[in-house]
Each structure stands twice: as C-alpha cells, then as structure tokens.
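Database features (TrEMBL):
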ACT_SITE  H178  active site, proton donor
ACT_SITE  E328  active site, proton acceptor
BINDING   N79, R80, H178, T179, Y180, D251  beta-D-galactose binding site
Amino acid sequence: MPVTKISLSAEAGVDQYTLINQQKTLAVMVLNYGGTITHILTPDKSGHIRDVVLGFDNYEGYLNSANPFFGALVGRYANRIGLGKFTIDGEEYQVPINNTPNALHGGIKGFDKKIWDVEVVSESPAAIRLTYVSEDGEEGYPGKLTTYVTYTVTDANELEVEYEAVTDKSTVLNLTNHTYFNLAGVELDPKILDTEVTMNGVKGFLEVDDNCLPTGKVIPVADVNPMDFTGSNAGKTIGSRVNDVQGGGYDHPYVIHDTFVLDTTGLPMQKDVFVAHAPQTGITLSMATTEPGFQFYTGKGIAENVFTGKKSQNNAPGIGPFSGFCLETSRNPDAPNHENWRPSVLLTPGEQYKGKTIYSFGVKL
C-alpha cells in the first residue's frame, strides 16, 4: 500500500503515516503530532537505503524540551516576530516571548506540538492532508484559523508540501516545515559541513541584527562571499566558510522574489533554488518553491550529546551542532512589522493563504 498507518501511542492519539512512491525509491514517514516528518528514506549511489533527516523512532522523543523542531510543521508564525508584538486594525497583540527578545515559531505550544487530523487523499500518488483548527486567542493570536497541509510523495522522487489556511478574523500567519536534512546519513557523517550547496535565482539575503531580526535591507549575495553559493561559489561546501558567517553558522533568510501576496501558488515555481549534494552518498536534494524566501539554517543550536541517530541510522552517536540543515521556505521574518511585507502574512476573512514547496531527491554518481 502506498499509504500505511500505525499507532505509536494509543493513549496520546499519535499515529505515524508512511507514504511510498510506486518505484519504492522514496518513502516519507509523518506523525499526526506536529505534522512531523520523522524519516525520509531514499537510495544512495550504491543502492543502500539512507534515512536523510534527523528525528526520533518514537513519539516520546519529540517531547524532549531540547528538540529543535525536528521535522515539524511550524505555525502560527514561523520564524521571528520582534518583541512578540504586532498590530492589526489599530489593536496591538502580544504573543509569548520564547526566543528572547522575540517570539519564535508560534510560541510555547505552537503547531509543532498539536495533534492534527489526517485524511488519506490519494494512493497514487501517495498523499495525506493534515488539518488543524487553532482557536481564537491560541498563543495570543487572533482569529479561529483552520490550516491544511498536504504531503505528497511522487514517482519523480519528490516530496510536495502544500499549505492552505483560512480565518474568521484578521490574523497573521507564516507556515513552514522544519525538517533537518543530512544527505550523507548521520551514520556516515554526523555533520553536514562537507555537503555541497548551489543556489539559483536568489536575489540576496535579508540583513539581520544581533537578535536575528531583519532590518529590511536586502544584501546581494555577491557582496558577502561566505553567503554566496552562486556563480563561482556554486558547489562550495557548507563548512568551507561557515566560520566566516555572522553568528558562526548559517541562520539567514534568503530572498527569492519580492512579490508579497497571501497566495503564492499563482506565482511561478522557482526551481532549483537550493541544490545540495553529499559526496559520501551521492544523494542530492533540489528545492523548488512559490514562497518569497527561505531560512537557511545549519543547526548550530542543536544540543550536543543529547540525540543519537534512529535505528535506520544505526543509532549513530555524535548528533549535535551542524548535524543537519533546514530549508524553511516561508514569508519574511517579522513581516507583520514591515509595512511592505505585511500583505503576505495578514490573513483576513474570505481570503486564502497558500504556498507550495517541492523537495526532489536524486543521486549523483
């Protein structure tokens, strides 16, 4: 069966869904807890199946307070809101500060810690649709918000992630997935520093202050060599210049386009925006998205000596800083507090929030 379901905790109501394509060259496992991607299984250049994401074998692992959003759906507001404050129709809202001095990834108990309803929408291709209703006032956000996320595994070795949401009251919204990729598989290399990266079609990156908040300025990548993975810097490894990056690791919002709308699916799909290759396994990852940007995060904040690999990763030790990288496609950080960005995150009754991202897996021999 292309879509299967098992119970991980009957008491907590936690189930795991496995989506497999027809060729059995891509399998993705998803929890209804947090909409969390727990495993992505794909063959390497020798035909060996590798699990290329960080996470846990059991549901309880995701309850660890040190869990840095492994594989989770993030909302209501992915990334940061400065001081946890924003204003809608003249009314100021204060949401929890959980990344001093900012609000981060939806608050204390965001979408990553909720049980989502799941419906199998297709067996060919394998697809499930997750639904979560966030009540008015949850984590301080206004409006009863209904969010839908569809995961699809295709015969082209793609994982498609589609986001939709509607509200009954004006609110702010920014959705993403927080999967950490390690294309070598942590059993071969617990760090991603040798992963080669190429970026295509990026306009630059957002300048951020010491609190990781954007100043509003877009800096061309060519102006800051360590941030540039285009042209002559295409294919550079993550580790080659990571120590020269502000903050000692990549945690920066890259800009793809400057069209700030609620429904980005009507815009052209930006293909091969980010392409990664692990020489150890030959596994490649190419990302396409309709979103205006993505946060490239190389996991500097992953706790040291707390996590190990899953059974599919031979319970490998050594997971910690730089064990995985994230590609958080989304709207801009702190967009509610930047007038020109607000139209992409301010959702009102009768409107739809939409976005789509595709992760394509392959092998380079």
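Cβ atoms here come from the backbone N, Cα and C positions, even for glycine.
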Proximal but sequence-remote residues of the same chain as R80 (beta-D-galactose binding site) (Cβ under 8 Å, at least 6 apart): N99, N102, A103, L104, N211, C212, L213, P333, D334
Cα distance (Å, whole number) from E328 (active site, proton acceptor) to T179 (beta-D-galactose binding site): 8
Maximal Cα-Cα distance (Å) across residues annotated as binding beta-D-galactose, namely N79, R80, H178, T179, Y180, D251: 19
All-chain count of other Cβ atoms within 10 Å of Y180 (beta-D-galactose binding site): 25
Position of peak Cβ density within 10 Å, selected from the recorded positions D251, E328: E328
For N79 (beta-D-galactose binding site), nearby residues of its own chain (Cβ under 8 Å, 6 or more apart in sequence): L104, H105, N174, T176, P253, Q295, E328, S330, N332, P333, D334
Distance [Cα-Cα, Å, rounded] between the residue listed as 'active site, proton donor' and D251 (beta-D-galactose binding site): 13
Among H178, T179 [recorded positions], residue with fewest other Cβ within 10 Å: H178
